[in-house]
Amino acid sequence: MRSHYCGGINESHIDQEVTLCGWVHRRRDHGGVIFLDLRDRDGMSQVVVDPDTPESFALAEKVRSEFVIKVTGRVRRRPAGTENNNMPTGQVELLGKELVILNAAATPPFPLDEHVDVGEDVRLRYRFVDLRRPEMINRLRFRSRVTSYIRNFLDSRGFMDVETPILTRATPEGARDYLVPSRTHEGSFFALPQSPQLFKQLLMVSGVDRYYQIAKCFRDEDLRADRQPEFTQVDIEASFIDEETLMGLNEEMIRSLFKDVLDVELPEFPRMPYSEAMQRYGSDKPDLRIPLELQDVGDLVESVDFKVFAGPAKDPKGRVAALRVPKGAELTRKQIDDYTRFVGIYGAKGLAYIKVNELTKGAEGLQSPIVKFLGDDVALAIMERVGAEDGDIVFFGADKATVVNEALGALRIKVGHDLNMLTCEWAPMWVVDFPMFEELPDGNLTAIHHPFTAPSCSPEDLAADPANALSRAYDMVLNGTELGGGSIRIHDEKMQEAVFRILGIGEEEARAKFGFLLDALKFGCPPHGGLAFGLDRLVMLMTGSSSIRDVIAFPKTQSATCLMTQAPGEVDEKQLKELHIRLRRSAKAVEGNKAENKE
């Protein structure tokens, strides 16, 4: 039907006859000559239709934005002075001699110009129109290129692309499962996989040795800018391998991907223990582009009369930390109030601060309502510890360590961006030596990653002191975003049972939920490990998009709905009956029916 894409004609095609197909991006009538900007996924070409071809000219008068047309004509150089150097095709135009309207179009719900700001709800409602925009189609093309590169890289390293089931059973992996009722097994449900975790481990038991999959995963959780109920991950697993080899392989893949696709030379990835990341940055995924760090000052304030600081300083689970912001004394009262409200989102009860006006004057050179409560000596000791200089501001967090880390860690990121403090464009890293477990509010332990992560100690040492055990887990972080996480897995049945016991999973429950895994561990399971990347998140970062919704063809909203298809939707009574399901109506629906009956 066509000989070339719209973005593919140039000066080498002058005097050639070509056929283009696409959407009319813009129509202009200039004194009896009609200009059409014709667009497809590869770009745009200018088509000229003049009265010398009366039939085509009559059709050109009828076309409007987003009409689908086919044009055959001769490529010619644009007249001097009318070239468009901003377009790859801007030196030439197509003199149309035969035009066919393939389909008319209703008026689009929004203009398709890149600079037009359109509400996301409208874009998602008409996603099939939104995806025609060059920036959107370019993101999909970019994603395809990234996926293709990853496949080729892993293929070349001996990995096999193996598909794992979508209909499986519910397993505790940290989020709620999406459940699928079984028609043939009354009262039973499949679950959509949160990850292929157990299946890829079983593939290692099966001798596959090196596996990968571009896998769809599903998690019924509250959504954020970088979360979707269904998402895509690059899933990797290998046998007879240690964490050093796995991290090296995946680092090589990401660095070579950035070089090939973006022509960016990423530096080698530094490694940082989890405890150090939390201590210095308040986060297990620190953004190393921002040169701000948290510093402990609890030992300096535990004896002061200021209970706001002294209380957390004496609490074994508390923390008092300072965040020095160079030149931050210029912040206005309103800005500080805004930051105070911001840290409140993370549970902080306030945001104490000290402005450093002139250190040579001692405590008199410090500006803050808390200096008098700390005492001059303590205030100056804090300034010395954090390396404060004239013109700085020092923020403080004093609370449970978890609250201080979250609040000051988030403030560090916000201030760094607000004050344009980023020192580089890309800052990758590995976070290693994660704890095996974390304590829940009720005092029980839960796995930080998942219960199949291998500890770095023996089963006996693990049982003796599980709260302080470290795991053989590792996370890849880029610009403060977790790109992927992985670990060496448990390949010994006794170790797996020991972990289950610590998590409060008894023998009967373990057998009911993971019997197939425990059986597999008895039949010669090799040492193995792996890692999974969030493909959506990776493409979001590489394209500079603000949300993964911008790099997914048909995403869900933050309330987990599809505005285009109106999913999720109700199903009819017949389908429910076949699935042996009866819906319990909400109180709101019952009240509505009562009101209708009264009428």
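Placed from the backbone N, Cα and C atoms, the Cβ positions cover glycine too.
Copied over from Swiss-Prot, here are the features:
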type	residues	note
SITE	His30	site 'Important for tRNA non-discrimination'
SITE	Gly81	site 'Important for tRNA non-discrimination'
BINDING	Glu173, Arg219, His449, Arg489	L-aspartate binding site
REGION	197-200	region 'Aspartate'
BINDING	Arg219, Asp220, Glu221, Gln228, Glu482, Gly534, Leu535, Asp536, Arg537	ATP binding site
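The two recorded residues, Arg537 (ATP binding site) and Arg219 (L-aspartate binding site), have Cα atoms 15 Å apart. Of all the recorded positions listed here (His30, Glu221, Glu482), Glu482 has the Cα closest to the Cα of Arg489 (L-aspartate binding site). Around the Cβ of Arg537 (ATP binding site), 22 further Cβ atoms fall within 10 Å across all displayed protein chains.
For the recorded positions given as His30, His449, Arg489, the lowest number of other CB atoms within 10 Å of the residue's CB is seen at His30. Under the DSSP three-state reduction, Arg489 (L-aspartate binding site) is assigned to strand. In this structure the C-alpha atoms belonging to Leu535 (ATP binding site) and Gly81 (site 'Important for tRNA non-discrimination') are separated by 45 Å. Cα separation, His30 (site 'Important for tRNA non-discrimination') to Glu482 (ATP binding site), rounded: 53 Å.
Across Arg219, Asp220, Glu221, Gln228, Glu482, Gly534, Leu535, Asp536, Arg537, which the record gives as binding ATP, the greatest C-alpha separation is 19 Å. Mapped onto DSSP classes, the region 'Aspartate' (197-200) shows 4 helix, 0 strand, 0 coil. Fewest Cβ neighbours within 10 Å among the binding-site residues Glu221, Glu482: that distinction goes to Glu221. Figure note: comparing Cβ neighbours within 10 Å for the recorded positions Gly81, Arg219, Leu535, the maximum is reached by Leu535.
Nearest to His449 (L-aspartate binding site) in space, judged by Cα atoms and limited to the recorded positions Gly81, Glu221, Glu482, is Glu482. The closest partner of Gly81 (site 'Important for tRNA non-discrimination') among the binding-site residues, by CA position, is Glu482; the full candidate set was Arg219, Glu221, Glu482.
DSSP classifies Glu221 (ATP binding site) as coil under the three-state reduction. Between the alpha carbons (Cα) of Arg219 (L-aspartate binding site) and Glu482 (ATP binding site) lies a span of roughly 17 Å.
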